[in-house]
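Down below is the structure, laid out as structure tokens.
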Amino acid sequence: MSKKWTRNTAAMAAILSALCLSTNALATSEQAVTDENQTTTQQEGMRFEPRNEKFAEAHAEQYKSWKATQESEEIEDALEGDPNMVVLWAGYGFSKDYNKARGHFYAITDVRETLRTGGPTDDKSGPMPMACWSCKSPDVARVIDDRGEDGYFEGKWARLGAEINNAIGCSDCHNTGSEEFAKGGPALQMSRPYAERAMETIGKKFEDQSRFDQQAQVCGQCHVEYYFTGPKKSVKFPWDKGTSVDDMEVYYDEIGFKDWTHGVSKAPMLKAQHPGYETWREGIHGKNNVTCIDCHMPKVQNEDGTVFTDHKVGNPFDRFEDTCAQCHTQTKAALKSVVATRKASVLEMKLRAEKQIIAAHFEAKAAWDAGATEAEMEPILMDIRHAQWRWDYAIASHGVHMHAPEVALRILGTALDKAGDARAKVIRLLATKGITEEIQIPDISTKVKAQQALGMDMNKMNAEKDEFLKTIVPEWDKQADAREAKY
């Protein structure tokens, strides 16, 4: 079943998928009356309390609005909406399954259910590393605090499935054990040490920043580009040379990193994650000190007049007077028209880039089949790598048509250029092999047809996932309940 949200809403929810609690008590600290006697029920001595319900009484409005993210219940299959992506990610997990993001409430459910994490049969099997939990739960911060980063990252995704069971919540972004938080203040914190190091790399040490920068940094713990490095597949942000798409491309090339080898062209590929922080910095909102919460987590009043930060992340147009109208003088209809135009422009460029990159993948395959050498193919494959990296960077930055449309259009334009370069080179190479006719692309008009064209056994994958959900996950939940009963 397709989600009934508008596509604008889905995009906005995705870009804020980890922003929701970044400023949980921000408005409370500014405008709501704080209670000197107000306390939480956090376990004494526990630095990261992962159980969000423990804050339901002391931070009732924030908790209630956070819990309302469960209203984004229905799932929208992004591969059905754009089957091109199946081929673009051939050989990688995203070709199996890619859904639009839902609210924070579903973070654990969704990562368990996606085909990308496979159907592990024990704590040592499955396709993905532990790092795939890293932005899904405050339990991650708890485990890192208990065991260190090496103790967290080591092994497969299923290794600590019984430890990571609470959805994205309060302790991801707030120091919930602090006196400030207990009294209703925001107590923002960087709960992921690898993210804190990355911010220092770009000269933004958390404690030295303004509240504005800290708000964005807390969100940027998760809504960023990152990759897995070293034998333990630890998370690292590729910011050593800067935070632009060009800077990160150079960084990846210099260290010889690839996420996977493409299943059609054999190109060494990069998979962009969700670089919302980076594109926001480049866009008009970031440059004007408008943060994520200003648009997606506005300050609102409850019935008794208490002002708090609304944690039900969604489309700013749903709360126009509390969001857009705080800065813009245009009517809601006028602004919606502007956003729709920008979104259409980005979508058009996205689809144009996809068409060219897909053609390049199949033409590269034809060249390999015709006997091309690695030396002949290297410059072609690098152009394909760079073209798709740029395409992916633009489209993975959810809501970029709103946050930084000019950035998205520029990047997609360079993706088109690089795909064109790849195709020109491979067509010349094919000619030297005696191939001058157009290379045919199989029918990829639907998700099912595209997966069939790649020879993917979806029945097997789905059966393995179903068995995992039926047998392994209930055991995880039992173990988690037993552990938390001892807190």
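For all residues, glycine too, the Cβ spot is worked out from N, Cα and C.
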With Cys324, Cys327, His328 listed by Swiss-Prot as heme c 5-binding, which of these, His274, His285, His361, is given for the same site? His285
Have a look through His262, His296, His311 and flag the one Swiss-Prot assigns to the heme c 2 site that Cys170, Cys173, His174 belong to. His311
Given that Swiss-Prot annotates Cys292, Cys295, His296 as binding heme c 4, state which candidate in His59, His104, His403 belongs to that site as well. His403
Give me the Cα-Cα distance between His296 (heme c 4 binding site) and His223 (heme c 3 binding site), rounded to a whole Å. 14
Would you identify the secondary structure of His174 (heme c 2 binding site) according to DSSP, in three states? strand
If you count other C-beta atoms within 10 angstroms, which of the binding-site residues Lys136, His311 is the most crowded? His311
Here's one to test understanding: among the binding-site residues Cys132, Cys219, Lys271, Cys292, His403, whose C-alpha is closest in space to the C-alpha of Cys170 (heme c 2 binding site)? Cys219
Rank the binding-site residues His174, His274 by the number of other Cβ atoms within 10 Å of each Cβ and report the first-ranked residue. His174
Specify the nearest of the binding-site residues His104, Gln273, His274, Cys327 to Cys132 (heme binding site), where nearness means the distance between Cα atoms. Gln273
